[in-house]
Amino acid sequence: MIMQEWFQNLFAATLGLGDLGITVGLVVSVIVKIVIILIPLILTVAYLTYFERKVIGFMQLRVGPNVTGPWGLIQPFADVFKLLFKEVTRPKLSNKALFYIGPIMSLAPSFAAWAVIPFNEEWVLTNINIGLLYILMITSLSVYGVIIAGWASNSKYSFLGAMRASAQSISYEIAMSAALVCVVMVSGSMNFSDIVAAQAKGIAGGSVFSWNWLPLFPIFIVYLISAVAETNRAPFDVAEGESEIVAGHHVEYSGFAFALFFLAEYIFMILIAALTSLMFLGGWLSPFPQSWGFIGTPSAFWMFVKMAAVLYWYLWIRATFPRYRYDQIMRLGWKVLIPIGFAYIVILGVWMISPLNLWK
């Protein structure tokens with residue numbers, strides 16, 4: 001709000017544009033906020049790939065990137081330049097228009113979702129009351145990019161990978177949505193700020209034990225597993241199983257077009273980390289009592305720490321577990337996670353109307 005008012009005063013009063021200046025100031029402030037979100041987000045993607053290689057290398061008793069720049073810190077930029085300057089090729093019999101629309105359709109929702117993600121009570125582009133519903137809606141659109149890319153490539157490997165990815169995403173989206181419905185039930189809102197505020201209340205209010213991860217622990221586990229499968233990350237990355245279908249719907253893409261898919265995948269990972277922090281880990285709330293001074297004060301710092309912890313968990317999962325078979329993934333989703341999710345909604349409803357309600 002402070003930035004918006006400053007730009008509106010600048011264009012309306014200082015530059016003498018009147019009512020037009022108020023509108024221009026609003027538009028400019030929104031553009032500036034978008035840039036402030038997107039540039040750090042893209043840099044985070046770059047260095048997330050670096051830390052992924054370092055962490056997995058450490059777990060496998062390797063060094064990881066250590067040549068390009070001090071400690072390999074320039075390696076992400078070398079990878080970016082390599083992809084940007086590679087030739088973008090496509091199969092002769094592919095559908096040219098849809099071939100290039102696919103990566104854009106995958107990337108656009110990953111950027112658009114950040115419009116409603118708050119980093120603290122003030123740092124948010126758009127604070128709407130249906131923020132969670134918006135996230136579920138906008139992220140579900142990315143599957144269209146995968147399907148379009150697989151079909152337009154005119155390759156059996158691409159098409160099979162796209163079918164696997166879309167079926168897996170749709171299946172685990174049900175389980176993840178059921179888990180998030182439980183959070184909405186105990187919070188009484190789909191506004192992210194209200195959900196975080198609700199985690200500071202209840203019987204254990206003001207402590208780490210009041211965050212949703214503990215009272216909703218079974219559904220928290222369902223959510224974490226579903227989130228990994230939803231983003232097609234290991235051990236649920238059968239959509240690009242190298243030993244079976246080469247690289248799935250990525251197989252015919254190179255250069256900048258492949259970079260868009262790569263960027264979308266890692267932005268969705270960071271988005272899931274932010275969503276996990278907001279819904280289950282208290283968002284910007286501190287794990288320490290407020291009487292401890294600065295470290296007990298809610299701030300964006302704690303939001304970023306929790307996001308980093310979830311991202312590390314993603315990397316640990318990839319380095320630890322072998323890839324599941326496709327039939328095992330579908331069985332886990334439909335026969336285990338989805339039934340648990342819907343059963344817990346009923347259990348939670350009974351719990352909340354009982355005398356043992358923890359969220360009063």
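Heads up, residue numbers simply count up from 1 along the chain you see.
Glycine is no exception: its Cβ is also placed from the backbone N, Cα and C atoms.
The transmembrane segment annotation in Swiss-Prot covers 22-42 (among others).
According to Swiss-Prot, the transmembrane segment annotation covers 97-117 (among others), on the basis of sequence analysis. For the transmembrane segment (97-117), same-chain residues at least 6 beyond its ends with a Cβ under 8 Å from one of its own Cβ atoms are 37-38, 41, 90, 124-128, 131, 134-135, 138-142, 144-146, 148-153, 192, 249, 252-253, 257-258, 260-261, 263-264, 267-268, 271, 274-275, 278.
The transmembrane segment annotation in Swiss-Prot covers 130-150 (among others) and is backed by sequence analysis. Packing against the transmembrane segment (130-150) from elsewhere in the chain are residues 98-99, 101-110, 112-113, 115-117, 158-163, 165-166, 169-170, 173, 177, 180, 184, 190-192, 195, 239, 248-250, 253, 261, 264, 268, 271, 275, 279: each is 6 or more residues past its ends and has a CB under 8 Å from a CB in it.
Panel annotation: around the transmembrane segment (170-190), residues 129-133, 136, 140, 143, 198-199, 212, 215-216, 219-220, 222-223, 225-227, 229-230, 279-280, 330, 333-334, 337-338, 340-342, 344-345, 348-349, 352, 359 of the same chain, lying at least six beyond its termini, place a Cβ under 8 Å from a Cβ of the stretch. Annotation comment: Swiss-Prot describes 170-190 (among others) as transmembrane segment.
The annotation transmembrane segment is assigned in Swiss-Prot to 208-228 (among others) on the grounds of sequence analysis.
Cβ atoms under 8 Å from those of the transmembrane segment (255-275) belong to residues 41-42, 44-45, 48-49, 80, 83-89, 99-100, 103-104, 106-107, 110-111, 113-114, 117, 135, 139, 142, 145, 149, 227, 230-233, 249, 303, 306-308, 310-311, 314 of the same chain, restricted to positions at least 6 beyond its ends. Annotation source Swiss-Prot lists transmembrane segment at 255-275 (among others), citing sequence analysis.
The transmembrane segment annotation in Swiss-Prot covers 292-312 (among others).
Residues annotated as transmembrane segment in Swiss-Prot, with sequence analysis given as evidence: 336-356 (among others).
Same-chain neighbours of the transmembrane segment (208-228): 172-173, 175-176, 178-180, 182-183, 186-187, 199-202, 235-236, 272, 275-276, 279-282, 285, 287, 313-314, 317, 332-333, 337, 340-341, 344, 348, 358-359, counting only residues six or more beyond its ends whose CB sits under 8 Å from a CB of the stretch.
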